[in-house]
Amino acid sequence: MSQRQSQSPNQTLISITNDTETSSSVVSNDTTHKGWTGDNSPGIEALCAIYITYAGIISVGILGNAILIKVFFKTKSMQTVPNIFITSLAFGDLLLLLTCVPVDATHYLAEGWLFGKVGCKVLSFIRLTSVGVSVFTLTILSADRYKAVVKPLERQPPNAILKTCAKAGGIWIVSMIFALPEAIFSNVYTFQDPNRNVTFESCNSYPISERLLQEIHSLLCFLVFYIIPLSIISVYYSLIARTLYKSTLNIPTEEQSHARKQIESRKRIAKTVLVLVALFALCWLPNHLLYLYHSFTYESYANHSDVPFVIIIFSRVLAFSNSCVNPFALYWLSKTFQQHFKAQLCCLKAEQPEPPLGDIPLNNLTVMGRVPATGSAHVSEISVTLFSGSSAKKGEDKV
């Protein structure tokens, strides 16, 4: 039996949810000690492919999220309620890409934990904060889109942007509170591998020997950062689907074209948020399942043939990929963001795209024409009031 197959369970922490930055993962120790033997063991080609993939995730993710943030702060028309949440998502993704992903990449070549006790606690805190910001922001976004679809013509309050910023800040605070126990209890533990008579250090949230703690930790992570938020999102989108189905029987007439476009705009944004939620669910599911499997099959997991190396790497890469896909999903779904993204990517000054009709405030509409007697241009300003005196909301739903 190869060394890879006979390693102790102390070296089997492979979950990003629990051990994104831990050095006791199978891949890191086996790479360092050249313990990968057998027909299906990765060689130098596999390591090169892994590092190229990690470098691609980091580079593409930083570029995409940085452009998204820049577009938001430089373009006044993009500073809307849903875009505030999406920009907060981008900050969380950048945090993960700049810290936890590079640290995880060191596991494949480095011997032991390289970043000390303080680094262990700080990186554990950052990792869980970033995951919390992602899933909790998507949950709040779904609630916001439900409200927008149910009441599509409701007037935006004057302090809507300020309240949304406060909500985004609250999400960060809640995520930090959930991540605080991880930082407090994470520590660097020293282990000995009897098969190779060597010791190594690992950053973990609990002692490896505590099986019950591992099971509780994996279940809590799965529930708090996956099942519960996605269940809430599913409820909101079920209500959105029901509302949209009913609204097809009561669509505004052509004479109310502004109302029609406003409703269609909000439907489109609801679909955009749903795509972001689906990407999160897809990217993080394998990692959560693998961590649960590891936690509840502690003894049998010592035989690593149960989980092929490619599946371990796939789950890690897929989870990290979620931090770089959102800007490109927006590029695909939003023509407005696509124009700004192209301009920033080409280092050109972004031209302001013309807002759709649904984003033009109709309470202050300028009309230009010619006075027949003089032939000169004449500008008159008229006030248009629709929907019981409520004016349209400017740019609220632009993405």
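In case you wondered, yes, glycine gets a Cβ from its N, Cα and C as well.
Because the structure is a prediction, the values reported are computed rather than measured.
What Swiss-Prot says about this one:
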DISULFID  CYS120-CYS203  disulfide bond
CARBOHYD  ASN10  N-linked glycosylation site
CARBOHYD  ASN18  N-linked glycosylation site
CARBOHYD  ASN29  N-linked glycosylation site
LIPID     CYS347  S-palmitoyl cysteine
TOPO_DOM  1-41  topological domain 'Extracellular'
TOPO_DOM  64-82  topological domain 'Cytoplasmic'
TOPO_DOM  104-121  topological domain 'Extracellular'
TOPO_DOM  144-163  topological domain 'Cytoplasmic'
TOPO_DOM  185-220  topological domain 'Extracellular'
TOPO_DOM  242-272  topological domain 'Cytoplasmic'
TOPO_DOM  294-313  topological domain 'Extracellular'
TOPO_DOM  334-399  topological domain 'Cytoplasmic'
TRANSMEM  42-63  transmembrane segment
TRANSMEM  83-103  transmembrane segment
TRANSMEM  122-143  transmembrane segment
TRANSMEM  164-184  transmembrane segment
TRANSMEM  221-241  transmembrane segment
TRANSMEM  273-293  transmembrane segment
TRANSMEM  314-333  transmembrane segment
Neighbour count (Cβ, 10 Å) for CYS203 (disulfide bond): 27
Proximity verdict for the transmembrane segment (122-143) and the transmembrane segment (221-241), three or more C-beta pairs under 8 Å: yes
Helix, strand and coil totals (DSSP H, G, I; E, B; other) for the topological domain 'Cytoplasmic' (144-163): 11 helix, 0 strand, 9 coil
Average model confidence [pLDDT] within the topological domain 'Extracellular' (185-220): 80
CYS120 (disulfide bond) in three-state DSSP notation: helix
CYS203 (disulfide bond) - helix vs strand vs coil (DSSP): strand
DSSP helix/strand/coil residue counts for the topological domain 'Cytoplasmic' (64-82): 16 helix, 0 strand, 3 coil
